[in-house]
Amino acid sequence: MKQAGFPLGILLLFWVSYVTDFSLVLLIKGGALSGTDTYQSLVNKTFGFPGYLLLSVLQFLYPFIAMISYNIITGDTLSKVFQRIPGVDPENLLIGRHFIIVLSTIAFTLPLSLYRDIAKLGKISLISTVLTTLILGIVMTKVVSLGPHIPKTEDAWIFAKPNAIQAVGVMSFAFICHHNCFLVYGSLEEPTVTKWSHIIHVSTLISVFISILFATCGYLTFTGFTQGDLFENYCRNDDLVTFGRFCYGITVILTYPIECFVTREVIANVFFGGNLSSVLHVIITTVIIIVATLVSLLVDCLGIVLELNGVLCAAPLIFIIPSACYLKLSDEPRTHSDKIMSCVMLPIGAVVMVVGFVMAITNPQDCTHGQEMFYCFSDNFSLTNISISQFQLTTQVSILNISIFQ
């Protein structure tokens, strides 16, 4: 919302969700036309080995970069949780983001990622879903209790901003699930395109509803001060948010192994014919996690990671490849609605990919990683425990507004 402008951001969120819905159905239609049952085999049959290789690179990079972003989130959120423990020195290296990233990797994400069967992570995914619901409730609560006391930036309600394409990259990152769609389709009883379409419509509608709640509540609370990691905006002395940070950190730790599973599977399919010995399984998993951990220790701004993953990986997987496969396989007339939409999606995806990458590099997001926001340093009132009169509150907000532009 901050990158696109709030009104345009909402419209873009609906548009990206619609394109995601359409392309997920389009992939299954392409599979039916080509007689294939995986994303890789569909692209391989349509564009040969070069297409298969390109898809494999994208399917590796997307979850790999997601692993990096999860490490960044873990370090940012849990470090602030541990700082709230009474008697703990905030400058203690043992509660710093780097140590927490390494510790969580060794103690949790590496052991969980060593599972060979992704089905064993089912209960973990359920826990993540429940925790996400709790986090959403906290964000919605804070827009009411905290939002009115934070001054709004001058450009808060501008319809559109120049960085809208970067926002599309972040949204694409949020919605992409194409690498799993054939697996889910195959798990249906009597799978048909009609049944699949119904499931996708319902799932996408729920997803966009949750995304809009998160985006709207976060932006309405902080407007132009919104960070790539929303929890970076909240003050460290807020106990409710501290609980939310804890839930958030646990959620991404539990989600991390699923992404690692995908990266390992891509390597196994491309280089080892889909089969890994026990020794290779451990070695490849460990190497992937070590590299992801090292990169996340060097990069501390979540926004740029989400943007790059969205424009470089999610955009082609959502916009370009499904459309290109369908256009080459389908014998429908050019005026058919699916072909018209595919012809629109393909060039738009190319623009988002190229322009989004250039803008993400040349015009990166501001990142106040690890710093308390200015509104957390008020001497006269607490943003988390407000018990002052309306007159005092109005006076304080006026002072805050003045201080921004000095």
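Any Cβ shown, glycine's included, is placed from N, Cα and C.
Predicted, not measured: the structure shown is a model, and the values here were computed from it.
If you look up TrEMBL, you'll see 1-361 marked as domain 'Amino acid transporter transmembrane'.
Within its own chain, the transmembrane segment (6-28) has Cβ neighbours under 8 Å at 39, 42, 156-161, 164, 167-168, 171-172, 175-178, 181-182, 185, 193, 196-197, 200-201, 204, 207-208, 211-212, 215-216, 219, 318-319, 322-323, 325-326, 338, 341-342, 345, counting only residues six or more beyond its boundaries. Look at TrEMBL and you will find 6-28 (among others) tagged as transmembrane segment.
For the transmembrane segment (49-73), the residues of the chain that approach it from at least six positions outside its boundaries are 39-40, 43, 101, 104-105, 173, 176, 179, 229, 248-249, 252-253, 255-256, 259-260, 262-263, 266-267, 269-270, 288-289, 292-293, 295-297, 299-302, 305-306, 308-309, 312-314, 316-317, 321, judged by C-beta separation under 8 angstroms. Taken from TrEMBL, the feature transmembrane segment applies to 49-73 (among others).
Summarising the annotation, TrEMBL assigns transmembrane segment to 93-112 (among others).
According to TrEMBL, the transmembrane segment annotation covers 124-144 (among others).
The transmembrane segment annotation in TrEMBL covers 164-188 (among others).
Annotation source TrEMBL lists transmembrane segment at 200-222 (among others).
Annotation comment: TrEMBL describes 242-262 (among others) as transmembrane segment. Counting residues 6+ beyond its ends, the transmembrane segment (242-262) has Cβ neighbours under 8 Å at 59-60, 62-64, 66-67, 70-71, 73-74, 77-78, 80-81, 84, 104, 108-109, 112-113, 115, 118, 121, 124-125, 127-128, 131-132, 134-135, 138-139, 179, 231, 234, 236, 285, 288-289 in the same chain.
Here the transmembrane segment (274-298) has long-range neighbours at 64, 67-69, 71-72, 75, 98, 101-102, 105, 109-110, 113-114, 116, 260, 263-264, 267-268, meaning same-chain residues at least 6 beyond its ends whose C-beta is under 8 angstroms from one of its own. Look at TrEMBL and you will find 274-298 (among others) tagged as transmembrane segment.
Annotated transmembrane segment per TrEMBL: 304-327 (among others), in sequence order.
Residues or ranges marked as transmembrane segment in TrEMBL: 339-361 (among others). Within its own chain, the transmembrane segment (339-361) has Cβ neighbours under 8 Å at 19, 22-23, 26, 163, 165-166, 168-169, 172, 304, 307-308, 310-312, 315-316, 318-320, 322-324, 326-327, 330, 332-333, counting only residues six or more beyond its boundaries.
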With Cβ-Cβ distances below 8 Å as the criterion, list the same-chain residues six or more beyond the ends of the transmembrane segment (304-327) that contact it, or say none. 16, 19-20, 23, 26-27, 29-30, 33-34, 42-43, 46-47, 55, 58-59, 61-62, 65-66, 68-69, 72, 165-166, 168-173, 175-176, 178-179, 228, 338-339, 341-343, 345-346, 348-350, 352-353, 356-357, 360, 364-365, 367
